[in-house]
Amino acid sequence: MNDFKSIIGKLATGVTLSREESAGAFDAMMSGEATPSQMGALLMALRVRGETVEEITGAVAAMRSKMLRVTAPADAVDVVGTGGDGSGSVNVSTCASFIVAGAGVPVAKHGNRALSSKSGAADVLAALGVKIDITPAEVGRCIKEAGIGFMFAPTHHPAMKNVGPTRVELATRTIFNLLGPLSNPAGVTRQMVGVFSRQWVQPLAQVLKNLGSESAWVVHGSDGLDEITISGPTFVAALADGKITTFEITPEDAGLPRAGADVLKGGDAEANAVALQGVLDGKPSAYRDVALLNAAAALIVGGRANTLKDGVAQGAQALDSGAAAAKLKQLIAVSNAAA
């Protein structure tokens, strides 16, 4: 543990860690080699100074090296948010995932239970009847047979159990809130990632580029949402062809009307499940619009759409034809057929 002590000593003087040093430190934490006080010191030193792209890249590499992997097609996408935006909104990325799958792009969705809302991806999917506590092989079967699978983070990241108690005791946001969405167990290289703060939009796109992502959008809504919002502009860093570009988009760019963030307020898992099913059943609402907008971006990332308007049109077709709703039914059936 001398290496860990020297790393904490470096951080105490304000020195930033190299990618390799960060990977080594996070490997030690997730292997159970670091003590709780050492972990707390490192996490808070990074939080207070602000984590660098190299430090996050190393930490994600360590987390990915320990995860239980899932087999998925090369063109699979993930639509995921960091959570922790404090909005308590409906489950946008989860709903968008079924739309994307309904439009013909395989989805390897990674998620967890609620962080700051009453209902995270795992909560709402369980309420809809999806079996979430299945093995990596069974998730792979879901993706193959249903075109969408859900990877429940605790199942695929068992090493996180060594860090969990320290995170709970710190009771504040740490680098781990950023690592989960970047550590997809299916190894997807096409990601739509929502973040809780604008400051992370460009850096996380750079991290994904460092780690070999082919195509990605990292987004933050101007109203604070860790998704693309319909209440105003959304800040985007897009990775394509090895280059990162930053820009803003609005609902109007996709041909969608604006709506206040308040209309996207969610409830508990059961209430959010009813709302999500309503969108899949073709009911018009602001929830449908925001899900379509996020699905459109994911379809661009997945190489299926060229513009947001094109993506919205494909997503609307997936909803109105019943294809998106069929994906949920298939996921429920295949996941529950698991032993």
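Even glycines carry a Cβ here, placed using N, Cα and C.
These come from Swiss-Prot:
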BINDING   Gly81, Asn112  anthranilate 1 binding site
BINDING   Gly81, 84-85, Ser89, 91-94, 109-117, Ala121  5-phospho-alpha-D-ribose 1-diphosphate binding site
BINDING   Ser93, Glu227  Mg(2+) 1 binding site
BINDING   Arg167  anthranilate 2 binding site
BINDING   Asp226, Glu227  Mg(2+) 2 binding site
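Checking the binding-site residues (His110, Asn112, Arg113, Arg167) against Glu227 (Mg(2+) 1 binding site) with a 10 Å Cα-Cα cut-off leaves nothing. Taking Asn112, Arg167, Asp226 as the binding-site residues under consideration, the smallest Cα distance to Ser93 (5-phospho-alpha-D-ribose 1-diphosphate binding site) is found for Asp226. You'll find the Cα of Arg167 (anthranilate 2 binding site) roughly 15 Å from the Cα of Asn112 (anthranilate 1 binding site). Following the DSSP three-state reduction, the secondary structure of Ser93 (5-phospho-alpha-D-ribose 1-diphosphate binding site) is helix. DSSP assigns Arg113 (5-phospho-alpha-D-ribose 1-diphosphate binding site) to coil, not to a helix or a strand.
Checked against Gly81 (anthranilate 1 binding site), the binding-site residues Ser89, His110, Arg113, Asp226 differ in C-alpha distance, with Asp226 being the nearest. Taking each of the binding-site residues His110, Arg113, Arg167 in turn and counting other Cβ atoms within 10 Å of its Cβ gives the largest count for His110. Nearest Cα neighbour of Asp226 (Mg(2+) 2 binding site) among the listed binding-site residues (Ser89, His110, Asn112): Ser89.
Of the binding-site residues Ser89, Asn112, Ser89 has the largest number of other Cβ atoms within 10 Å of its own Cβ.
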